[in-house]
């Protein structure tokens, strides 16, 4: 018994209390470092790598776009990734707890939670649509192959309709292109059957029951994979983070063997060097790097908080960032080889069939798959890949919210009941996603995607850089990293964190404002009231920062505003490594545990009577430690 007590003292535990290390064990850790790397890869590599990057690349100069893309990766992407990983790993806290570093900026953490909530709601709706296409692909003939279905219009012309030869289909397509815009069976299946699209964002219509069922399936899958936190999700990512690469490789090998594939790939890669001087190209490159890596969502901080204190997150940040960007480039070959084949089949330019976002995933690419032998097989593989890519990101979004709630409450009861917190967040996410499965759901989904998680992320990231580098102090942060990793951050990262990365983030913000255009979906232009809701969603995350800062300043001690500001921005006493054995140097406790447990407060005026002395005697707290009745002493 005495040995256990002395061991507790060595670990920094107060006699009569459980060891502090036990709390960290209850919080959970990754089973090994591979789990963390795979989870982070799954988080960073998402749907945008497949349906956004290839389109941006061909639109902004093909191979020439790679130059600004990798420049932004080196000077902005990897440094920000490393900063967020090291931030979360050092404190072993989620996106709220880490702001003990400067409590006034805790609103940044709340802003991250709001953004993750928005993204988590609509992201799972996209996954549910992929689930729907995955299920309906399990048939002998894909339902969007022909124009002979009840939902098709007279304008529909399929490339395989009526057993026409490729030449006949080509002639009809060329004829239609001269008179009107060709409507493909896959587009009509998407708009008129899957979505049953209404004519206005305010006209919700009915809930699409097949999509609602698939939304329930996707939330159940996410919950079951996170039922034990990182302990269960860390095992699932062995499959969800690796199998998409198997599918990509299968689709790539099939794609490059098709006639016209080389044309599509050349369209994707041929550099147009004159576009390098266009500011929009650099803006698109910076924005794609920033959004693709998942910076300022809170997910990177959360995932890193489950690492061991001395894990080499510097190495991990470089591996994960490069893997993410390499996946984007690789996915471009997969997409454009198939689109090149389709363009060759139709006798049109690749630009006529290229698309991005939902238009690529649920219209252009599925139509191209109908031209392949055994098309249901390729369709099942493609949508299964989309599901896995989406789930990898969704796991981290949900875990970010759950971890922030559990860490903020922090008592043993909520740690034991973490599964129920996960269930509660999943149920809330499902209910909030129901409106997105209505006939106007796609309008709301795109509204959230364009506004809720756009410039607000840039603002949050910029303030985070300023708070860590200039309020907390770059020298303090560099010492923290040296204490954690055994070496200070390389000089390149020090310069990027202090000057280059914040400047690039500011450039992205300015670029976003200058390039702003009101949102539209195909020919539908959003009404003013809908755009206003979009801006309110964007502001709802950013507004957390000044509101909490004002609250914290008002609650801080000090007679003047300047004193209150200093106290509000000063690091909390409990900032630093979570486990006592890691709290060395300036984080070492002032008193040894044995001394602290017997600490008594002496009266300020010994000559006063015994009664007053007794009033200042220590009072036994609920946790077994001694505290004075006068907190100021």
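Any Cβ shown, glycine's included, is placed from N, Cα and C.
Just so you know, TrEMBL annotations never went through curation; they're auto-generated.
The structure displayed is predicted, hence computed values, not measured ones.
Some features that TrEMBL has for this protein:
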| type | residues | note |
| --- | --- | --- |
| BINDING | 44, 49 | Na(+) 2 binding site |
| COMPBIAS | 619-633 | compositional bias 'Polar residues' |
| REGION | 1-25 | region 'Disordered' |
| REGION | 589-633 | region 'Disordered' |
| TRANSMEM | 36-54 | transmembrane segment |
| TRANSMEM | 66-87 | transmembrane segment |
| TRANSMEM | 108-135 | transmembrane segment |
| TRANSMEM | 242-269 | transmembrane segment |
| TRANSMEM | 289-306 | transmembrane segment |
| TRANSMEM | 318-343 | transmembrane segment |
| TRANSMEM | 377-398 | transmembrane segment |
| TRANSMEM | 419-445 | transmembrane segment |
| TRANSMEM | 451-471 | transmembrane segment |
| TRANSMEM | 491-514 | transmembrane segment |
| TRANSMEM | 526-551 | transmembrane segment |
- Message: Test of understanding: give the count of other CB atoms lying within 10 angstroms of the CB of residue 44 (Na(+) 2 binding site).
- Response: 26
- Across every protein chain in view, the count of C-beta atoms other than its own within 10 A of the C-beta of residue 49 (Na(+) 2 binding site) is 24
- Contact check, the transmembrane segment (66-87) vs the transmembrane segment (377-398), 3+ Cβ pairs under 8 Å, seq sep 6+: no
- Contact yes or no, the transmembrane segment (419-445) and the transmembrane segment (289-306), 3+ Cβ pairs under 8 Å, gap 6+: no
- Message: Is the transmembrane segment (318-343) in contact with the transmembrane segment (451-471), using at least 3 Cβ pairs under 8 Å (sequence separation of 6 or more) as the test?
- Response: no
- Stretch contact, the transmembrane segment (318-343) with the transmembrane segment (242-269), Cβ-Cβ under 8 Å, 3+ pairs: yes
- Is the transmembrane segment (526-551) packed against any residues at least 6 beyond its ends, judged by a Cβ distance under 8 Å, and which are they? 104-108, 110-112, 114-115, 118, 200-202, 443, 447-448, 450-452, 454-456, 459-460, 463, 518-520, 568
- Message: I'm a bit unsure how to read this: which one of 36-54, 108-135, 289-306, 377-398 has the highest number of Cβ pairs shorter than 8 Å with the transmembrane segment (242-269)?
- Response: 377-398
- Chain residues in Cβ proximity to the transmembrane segment (289-306) (below 8 Å; excluding those fewer than six residues from its ends, i.e. six or more beyond): 27-30, 36, 39-40, 43-44, 46, 48-49, 52-53, 69, 72-73, 76-77, 80-81, 84-89, 91-95, 97-98, 109, 112-113, 115-116, 119, 230, 313, 321, 324-325, 328, 393, 396-397, 399-400, 403-404, 453, 457-458, 460-461, 464, 505, 508
- Message: If we skip the immediate neighbours and take only residues 6+ beyond the ends of the transmembrane segment (36-54), which ones have a Cβ under 8 Å from one of its Cβ atoms?
- Response: 30, 85, 123, 126, 230, 233-234, 237-238, 240-242, 244, 268, 288, 291-294, 299-300, 303-304, 306-307, 311, 316, 319-321, 323-324, 327-329, 331-332, 334-336, 356-358, 360-361, 385-386, 389-393, 395-396
